[in-house]
Amino acid sequence: MVNENGINPFLDPETAKTHLESYKSPDGLSIEDIMDLRSNGGLTYNDFLILPGYVGFPSSEVTFETKVTKNITLKTPFMSSPMDTVTEAEMAINMALLGGVGVIHNNCSPDEQAEMVLKVKRFENGFITDPVCLTPNHTVADVNRIKAQSGYSGIPITANGKLYSILLGIVTARDIQFHEDHTTPLKDVMTTDLVIAHEGVTLEEANQILRSSKRGKLPIVNARGELVSLLSRSDLLKNLNFPLASKSPHSKQLICAAAIGSRPDDKARLRKLVEAGLDIVVLDSSQGNSIFQIEMINYIRKTYGTSLDIIAGNVVTREQAASLIEAGADALRVGMGSGSICITQEIMAVGRPQGTAVYKVSQFANKFGIPVIADGGIQNIGHIIKALALGASAVMMGGLFAGTTESPGEYFYREGQRLKKYRGMGSIDAMERVGCKRTQPDNNAAARYFSERDVVKVAQGVAGAVVDKGSIRKFVPYLLTGLQHGLQDIGVKNLDQLREEVDSGKVRFELRTAAAQIEGNVHGLYSYEKRLF
Ligand code: IMP
């Protein structure tokens, strides 16, 4: 096609540029236009898409450094929910190793929660910080039983059979291999000629000692001769590097967060958590704009100064956000009724579509330098990208991390599927603590919904099951790589650039009709298998 000047406007870049510039605004809509409540109502992640930008760099150059509170920066924008089927010590350790942070739930006694925090803070990659120990009076039969149950073959022997007790010896498979009398006490078979290392030894040094000693296990002891951890030869090869790990700049320990409620007895719980080394406290409530939470923020500030970061919430409106920012929150958790296990909007008639909630609160909170955590409703990588584009600094996920190796609970099979339990903290199951192994005199799950004193419990969540997702050590890198590709498609290299270009109107958005949503999903196939990574 040639115009009257003999030029093909579609092939001549200068002419094409002039044509493009003749449009009053770029294609698509700005964030303000798409989030206009009067014309579009409340939106959530599936209601809109981000238009592609220009790809001028490889996806490996995309990075995700982000503030999760006013003072704490992470290398990945992921948090795991404080739920008793999502985050205990194992999840929190692995989340932190992978660059995020796990929030340890409080549907347990203060001592149990503090012990989990301690486990995270004491964790050192490569060192086993909770080895199974026995006393000299246990027998060969006890070692055999442990080996059969958990496969451990080198058992440290300490004075009282626990960690932080004087190390007396070690029993290895070799010590008991041909021992037929299973009632023999371990003091008669244990190896006492020990090769040990002292607390403070680096992983590299310890590995070197293990190699040259040719032993299977290397006990690490403190100045008092008490066992503090163990290094295993079989773990040597598994000692991967975690370059993104979330660590406190001073102590180099993993960053740990935990949830509490806002009742008076939560103050004593918090004291124990702080003594265990807590970095971030999450005030866990479905409706955070309350006198209880504001008083709790004041109390924490007065008692702990700025040494403890406070994530307050949950909120979904500017006004709720303003209250908590004024009270002194270091970050806000946003979401009400968007969680996969949640029935709050249905039962309480209160809540907000998550896209709008994240946008409205972020737009306000970011003016004060207060990061927003988009909590709930994240079903896939696309939702994470949209939450970040709407202004969130990080996303919190429950359902997506439930069913992983690191989430609490046992796997079970139903109709050939390997599943794990996942339940809302406002489900009757969680409020009545069905199947809880942990002790708890009072009910914190119910307190999240201000209903611990109710005679009749009104559920705001359901209990269900999710399929096995494998280890988060594979799942989180999958999420991260997907995010890199998403940001590359948008044409931004990091979250600061994403924020700037969304705010300036360079990154463009578009609504999706119901038909567009169907088109955007797999359609028209007789059958298919959805393998994600
Ligand atoms: P998900 O990632 O969509 O599964 O949502 C997890 C989030 O749902 C959590 O981080 C909580 O904010 C929220 N939540 C947890 N339990 C309940 C509940 O029982 N009812 C409503 N919301 C819940």
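Please read every residue number as a count from 1 along the shown chain.
Each residue, glycine too, has its Cβ placed from N, Cα and C.
Record features (TrEMBL):
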- 127-189: domain 'CBS' (DOMAIN)
- 190-246: domain 'CBS' (DOMAIN)
- Asp284, Ser285, Ser286, Gly335, Met336, Gly337: NAD(+) binding site (BINDING)
- Gly337, Gly339, Cys342: K(+) binding site (BINDING)
- Ser340, Asp375, Gly376, Gly377, Gly398, Gly399, Tyr422, Arg423, Gly424, Met425, Gly426, Gln460: IMP binding site (BINDING)
- Cys342: active site, thioimidate intermediate (ACT_SITE)
- Arg448: active site, proton acceptor (ACT_SITE)
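Checking Cα-Cα distances from Ser286 (NAD(+) binding site) against the binding-site residues (Gly339, Ser340, Gly376, Gly398, Tyr422, Gly424) with a 10 Å cut-off leaves nothing; none qualify. With the fewest other C-beta atoms within 10 Å around its C-beta, Gly376 stands out among the binding-site residues Gly339, Gly376, Gly398, Gly424. Taking Ser285, Ser340, Gly398, Gly424, Gly426, Arg448 as the candidate recorded positions, the subset whose CB lies under 6 angstroms from any atom of ligand 1 consists of Ser340, Gly398, Gly424, Gly426. Comparing Gly339 (K(+) binding site) with Asp284 (NAD(+) binding site), their Cα atoms are 14 Å apart once rounded. The binding-site residues listed here (Gly335, Met336, Cys342) include Cys342 as those with a Cα within 10 A of the Cα of Gly424 (IMP binding site). In this structure the alpha carbons, written CA, of Gly337 (NAD(+) binding site) and Gly426 (IMP binding site) are 11 Å apart. When the CA atoms are compared, the recorded positions lying within 10 A of Gly426 (IMP binding site) are Cys342, Arg448, out of the candidates Gly335, Cys342, Arg448. Residue counts for the domain 'CBS' (127-189) by DSSP state, with H, G and I taken as helix and E and B as strand, are 18 helix, 15 strand, 30 coil. When every Cα pair among Asp284, Ser285, Ser286, Gly335, Met336, Gly337 is compared, the largest distance found for this NAD(+) site is 14 Å. Per-residue confidence over the domain 'CBS' (190-246) averages 86 (mean pLDDT, predicted model). Remark: Met336 (NAD(+) binding site) has Ser286, Gln287, Asn314, Val315, Val316, Thr344, Gln345, Val350, Gly351, Arg352, Ala357 as non-local neighbours, by Cβ distance under 8 Å and separation of at least 6 in sequence. Distance noted between the C-alpha atoms of Tyr422 (IMP binding site) and Arg448 (active site, proton acceptor) is 17 Å. Annotated pair Gly376 (IMP binding site) and Cys342 (K(+) binding site), C-alpha to C-alpha distance, rounded: 9 Å.
Within 8 Å of the Cβ centroid of the K(+) site, not counting the listed residues Gly337, Gly339, Cys342, the chain contributes Gly335, Met336, Ser338, Ser340, Ile341, Ile343, Thr344, Gln345, Gly351, Gly376, Gly377, Gly424, Gln460, Gly461. Within 10 Å of the Cβ of Ser286 (NAD(+) binding site) there are 24 other Cβ atoms, across all protein chains.
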